[in-house]
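Chemist: Submitted below is the structure of interest, expressed as structure tokens.
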Amino acid sequence: MANRNLEKLASIDAHLRLLVPGKVSEDDKLIEYDALLLDKFLDILQDLHGEDLKETVQECYELSAEYEGKRDPKKLEELGSVLTSLDPGDSIVIAKAFSHMLNLANLAEEVQIAYRRRIKLKKGDFADEAHATTESDMEETLKKLVYKLNKSPEEVFDALKNQTVDLVLTAHPTQSVRRSLLQKHGRIRNCLAQLYAKDITPDDKQELDEALHREIQAAFRTDEIRRTQPTPQDEMRAGMSYFHETIWKGVPKFLRRVDTALKNIGINERVPYNAPLIQFSSWMGGDRDGNPRVTPEVTRDVCLLARMMAANMYFSQIEDLMFEMSMWRCTDELRVRAEELFRTARRDVKHYIEFWKQVPPTEPYRVILGDVRDKLYNTRERARHLLAHDISDIPEEAVYTNVEQFLEPLELCYRSLCACGDRVIADGSLLDFLRQVSTFGLSLVKLDIRQESDRHTDVLDAITQHLEIGSYREWSEEKRQEWLLAELSGKRPLFGSDLPKTEEIKDVLDTFNVLAELPSDCFGAYIISMATSPSDVLAVELLQRECHVKQPLRVVPLFEKLADLEAAPAAMARLFSIDWYKNRINGKQEVMIGYSDSGKDAGRFSAAWQLYKAQEELKNVAKEFGVKLVMFHGRGGTVGRGGGPTHLAILSQPPDTIQGSLRVTVQGEVIEQSFGEEHLCFRTLQRFCAATLEHGMNPPISPRPEWRELMDQMAVVATEQYRSIVFKEPRFVEYFRLATPELEYGRMNIGSRPSKRKPSGGIESLRAIPWIFAWTQTRFHLPVWLGFGAAFKQAIQKDSKNLQMLQEMYKTWPFFRVTIDLVEMVFAKGDPGIAALNDKLLVSEDLWPFGESLRANYEETKDYLLKIAGHKDLLEGDPYLKQRLKLRDSYITTLNVCQAYTLKRTRDPNYHVTLRPHISKEYAEPSKPADELIHLNPTSEYAPGLEDTLILTMKGIAAGMQNTG
């Protein structure tokens, strides 16, 4: 198969070169990388499980490839009969093999992207394949602003050092790959990149070959399935591991590159170390919306754990800095401090490895940094004690309690070096360290708290009932506001210890008590989901005051559903009209807009347009009241939940809605894609910072009035069609549950939170992630495209000139272009033939016409999209992506078919299959089948092996689509 596979891959490559000769360069290594990994893997498979199993994998691959060529449904049935005849152990091995091959294809692709980028930069070209604007590189962006758009270098520098990008890592349950495997994947990537380095010796090559073999085999031999559900603390540790592995060192490295880019446009200053260019926040252990497992104790643990990790990372670096700071020339200010510290230093020196004796005053910088090291040690140990025992005997004065205390001695060293003519030394590791302290502080990340507005209403209702002044829940909005403002303006406490509390009320109040107990720099924003009115915001302000939160968190309303987005500007105007609130916010307000629930509620088309309009209107309201507005974008990883390339998403936002301040969620599997490797981390930071700068200094065009009018009309049609099918069609939920693996999603143990807000109920109560996940698995992607076709059809039928208008919008308006391109990309990943197979096997016959009409709608929508984009074929403007998707099609199809038939076997007790004798030989005992794999899941309610096979197909398809939910 390896040779045949290489031929097939090469033919895809040749076909692409013919299509667009200028676009696919001859130095493209993707085919080579992919074939090498596949070769290695197939050899391993044969060694471990025998020739017969390897041949079955090849047979499945070839049937898939034949299907991909002609889309002949008979080939899927042939493939199905091969897969259903396998015994349970073989079935697991084959599903695992295809899932593994898709992960290897992803790794080949990542190494190729990094390789191509290096080649481009060496040539001095723009870094991206098609055109510069799709990849925001810092240096390119600065040069473009200065040389093409005639901005002055000083103006650009000024904008840059005042901008902030805050990346908020969330534990959304979409990372379907286990951490054990992610680490092995990282090592495979490194081996592959080094194997193709120019100056590699034969011995190096042999050793790397062995290492690659070892890591591929180790990954294949690791159980891909999480056998228990992760806790919020597990999720937080997984999220924080990226800081340890890439982000910690990535930030100073990125800021150095910004310094270099500034030098190249004539600015001879560095970005100040305290410029808030990049910030990190987290929802892991703070997001309790619909997740009962995030308790106040979890929030406290997560904050202390992050503080301990931060102190530990600083501590592990401080000795290197002490080695570097061996200079003796210093300012009088620093010398006096060093002598004072030397005199008063306690003699009970810690058991340090380096500088374990007292440092002499002739090395003043080391004396100062030695004191910093002692305090960091104590800071780490105190956090550890509090985490383990709730109490610590290390006094507060021996630790750093705020970041200013930590920065002060470091700034003293920096000033002294500069004053003594050693700026070049100051701008080395010390500057990097200062930048890390400014970025990560003592808490590593700022934890956001998220809670549903109803939970606050419950607490206030309990309080008003206890005070015997009525039921807060039943009061009108006016009465609620009046009472809240009266209490906020007064001084008296609202309730005492005698307040009767249910578990839920105690949970909410205890969360506020944790906010009061821990240092304020642990926390970021308090986000209220399902916020609709000013009283929702005032309620949180009052509860913070009542629970004695010394530095109250900024309160951020989250608008998600279509109706809430429409009402958001009016709600914010009412809030800004309240004098007490206007004084409280000091001219700054953050508003969060949710992409996933708005898409689930109204479909992607209407959600995208409403999000665009809501931002424009919110910006105008804020301007009217003299408030600086920060938009917080709650984007998922998939297009159905607002995902897509970062730089394009930023550059297509309405003009003046970012203005140098951007907050955005980085969710689930996107964290790995953004920060899994050093070069990915670097690229992510570049993209966000460069695109934010460009959006502010070179805003996209505003849509013309006639475009707006057309969009408004189309949005009505799109919403109507989407809702008429998803919410009004009486048997839609039944069809959805039969045609997709939605009901089986929970078995993957991806995240700590339940997949439903309420245990029973229809689409409304289903979370957006499993909703998208289920459709992604069947490659039908219904939530992404449903409504687009009807909207375009109606617009063009109403007036044929609208087609030209839509084509013009596509060419000149970034928002519209990005929206269409993302849906086109999803169509390129889709295959209605797979959805048809699922219908045939899993859906009751009387619902088949419903599936057929949806597939007809799919084809019609695709045709309209191509017409508007002016393309003959999907992705003709992006040959690289086309090539990458083609490479993985045959693997995914095998898993799709395996999933459909496995679902049939788990759901239909009357479906009988004839199993052939087992073909897999276990390496240690060739006579023994691979049935020990079945014993990894002893509690399955299905026939042996079926549940694991099913979960492996879900994980493999998620890896292949590169989108989970």
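Even glycines carry a Cβ here, placed using N, Cα and C.
Annotations for this protein, taken from Swiss-Prot, read as follows:
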MOD_RES   S11  phosphoserine
ACT_SITE  H172  active site
BINDING   W283, R450, D597, R635, T665, R753, R767, A768, I769  D-glucose 6-phosphate binding site
ACT_SITE  K600  active site
ACT_SITE  R641  active site
BINDING   R641, Q673, K829, R888, N963  L-aspartate binding site
Chemist: I'm trying to understand the geometry here, so how far is the Cα atom of R888 (L-aspartate binding site) from the Cα atom of D597 (D-glucose 6-phosphate binding site), in Å to the nearest whole number?
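Modeler: D597 (D-glucose 6-phosphate binding site) has its Cα 30 Å from the Cα of R888 (L-aspartate binding site).
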Chemist: What does DSSP assign W283 (D-glucose 6-phosphate binding site), in three states?
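Modeler: SS state of W283 (D-glucose 6-phosphate binding site) = coil.
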Chemist: Around the Cβ of W283 (D-glucose 6-phosphate binding site), how many other Cβ atoms lie within 10 Å? Please give the count over every shown protein chain.
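Modeler: For W283 (D-glucose 6-phosphate binding site), the count of other Cβ atoms within 10 Å is 28.
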Chemist: Among T665, Q673, the binding-site residues in question, whose Cβ has the most other Cβ atoms within 10 Å in this structure?
Modeler: T665
Chemist: Determine, to the nearest whole angstrom, how far the Cα atom of D597 (D-glucose 6-phosphate binding site) is from the Cα atom of K829 (L-aspartate binding site).
Modeler: 23
Chemist: Hey, of the recorded positions listed (K600, K829, R888), which one tops the CB count within 10 A?
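Modeler: Comparing the recorded positions K600, K829, R888, the most crowded Cβ belongs to K600.
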Chemist: How many other Cβ atoms are found within 10 Å of the Cβ atom of D597 (D-glucose 6-phosphate binding site), counting all protein chains shown?
Modeler: 23
Chemist: Which of the binding-site residues W283, T665, I769, K829 has its Cα nearest to the Cα of K600 (active site)?
Modeler: I769
Chemist: Helix, strand or coil at R888 (L-aspartate binding site), per DSSP?
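Modeler: Looking at the DSSP assignment, R888 (L-aspartate binding site) belongs to a helix.
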